[in-house]
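> The GTP binding site feature in TrEMBL is assigned to 57-62, ASP171, 196-202, 227-231, 296-299, ALA364. Sequence annotations record features per position, and here TrEMBL assigns Mg(2+) binding site to SER61, THR202.
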Amino acid sequence: MLSHLSTNMGLLCSRSRHYNEQDSEENAQAAEIERRIEQETEAEKHIQKLLLLGAGESGKSTIFKQIKLLFQTGFDETELKSYIPVIHANVYQTIKVLHDGSKELAQNDKEFSKYVLSNENKEIGEKLSDIGGRLDYPRLTREHAKDIETLWKDAAIQETYSRGNELQVPDCTQYFMENLQRLSDANYIPTKEDVLYARVRTTGVVEIQFSPVGENKKSGEVYRLFDVGGQRNERRKWIHLFEGVTAVIFCAAISEYDQTLFEDEQKNRMMETKELFEWVLKQECFENTSFMLFLNKFDIFEKKVLNVPLSVCEWFNDYQPVSTGKQEIEHAYEFVKKKFEELYFKSTAPDRVDRVFKVYRTTALDQKLVKKTFKLVDETLRRRNLLEAGLL
Ligand SMILES: Nc1nc2c(ncn2[C@@H]2O[C@H](COP(=O)(O)OP(=O)(O)OP(=O)(O)O)[C@@H](O)[C@H]2O)c(=O)[nH]1
Ligand SMILES: [Mg+2]
């Protein structure tokens, strides 16, 4: 009996010891979880939040893709393949815009004959315009690619393309039209460059965490970059991201001074960008936020500016060309840059003048340039942190 009792006691004791062990194990686990949460919160504190803002098609997602390529894993084959329907859709949509545009110009323009398709291409044009108007596009076959190429080479389509600024012709047009053979290959896998050129309107918010790698080592800074949709109906989602932002990377496509908005064809794109930048600058949340202004699409700007005077845009109506060639391009670029700088200082309250403001000339498709630019952004932000911590 005693022995039984003692066994039971033993059992009891051992059970209570077991309970104690379990308790302390649970306590340890809880403490560990708490420690981890604390650690993560501490680590989160060091994560710098970067926000890509700007109007639609200003190049935000292209910068985002470059960051993924430069400082993260890049695109694996599955991801590359996921761009096939996007790229094919870009091709079909573009040829439709050009075909329908040529038809309209052939009816309404005073030099209408320039826009009339050659007789043998009319049928091809109608067929392709039909496909381009569908909700889902077929895969680009060799046969379709050949038709598209024929139409693209038609003088009327080329004339229409030269008036692309009036027609919402995307910037990837020429690149894709010159690569139709490759894009229609049965085994086609998009290249990194194809992905950068691919145009997908962003809806919602995407984010990526990265640490820019220096020459040999990591910079130590961890950034979380957010990409948003820039078209008007997307902008109401922006405000939810405005808290705790280290830097806004504002993309302005400086080549778009002679274009109108996709969502409102009465509105000049540069004027929209001006108003948007002004609005962003005045946000309460951005009192201490740094501003990195990317004057993007410089590659298109430098070609355009020699043919289309900057003064076609109301904001730049006081522009006077002074030279030709490269010098004129520089002059035009400096003029645009100055306009943005003036706008920044005008829209920045005197008590905020010490927030960081930097302007960069960018071509988002140019990987080397984006890498260099981000190195500069990283340096600027690190300097700012040290200053704020009183270490500089
Ligand atoms: N030539 C040229 N094309 C560019 C440049 N930056 C972006 N693009 C192209 O412009 C198009 C639009 O770029 P996105 O990055 O999708 O623009 P976004 O600002 O993300 O647009 P939303 O998502 O609608 O706000 C794409 O086809 C890009 O390849 C540039 O610097 N030069
Ligand atoms: Mg986008």
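Keep in mind that glycine also has a Cβ here, set from the backbone N, Cα and C atoms.
Bear in mind that the values here come from a model prediction, so they are computed numbers and not experimental data.
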> I'd like to know which of the binding-site residues ASP171, ARG201, VAL228, GLN231, PHE298 sit within 10 A of SER61 (Mg(2+) binding site) at the Cα level.
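For SER61 (Mg(2+) binding site), the binding-site residues whose Cα atoms are within 10 Å come to ARG201, VAL228.
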> Select, from THR202, VAL228, GLN231, each of the binding-site residues with a Cβ positioned under 6 A from at least one atom of ligand 2; if none does, say none.
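Only THR202 qualify.
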> Taking 10 A as the limit, how many CB atoms besides its own sit near the CB of THR202 (Mg(2+) binding site)?
17
> How big is the Cα-to-Cα gap, in Å, between GLU57 (GTP binding site) and THR202 (Mg(2+) binding site)?
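Computed Cα spacing between GLU57 (GTP binding site) and THR202 (Mg(2+) binding site) is 9 Å.
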> Do you know which of the binding-site residues SER61, GLN231 has the most other C-beta atoms within 10 angstroms of its C-beta?
SER61
> To the nearest whole angstrom, state the Cα distance for the pair ASP171 (GTP binding site) and THR202 (Mg(2+) binding site).
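Given the Cα positions, ASP171 (GTP binding site) is 16 Å from THR202 (Mg(2+) binding site).
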> Non-local Cβ contacts of LYS60 (GTP binding site) (under 8 Å, 6 or more apart, same chain)?
LEU52, LEU53, GLY54, THR202, ASP227, VAL228, GLY230, ILE249, CYS251
> Test of understanding: give the count of other CB atoms lying within 10 angstroms of the CB of ALA198 (GTP binding site).
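Counting Cβ neighbours of ALA198 (GTP binding site) within 10 Å gives 23.
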> Only counting partners 6 or more residues apart, tell me which same-chain residues put their Cβ under 8 Å from the Cβ of PHE298 (GTP binding site).
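The answer is ILE254, SER255, TYR333, ARG361, THR362, THR363.
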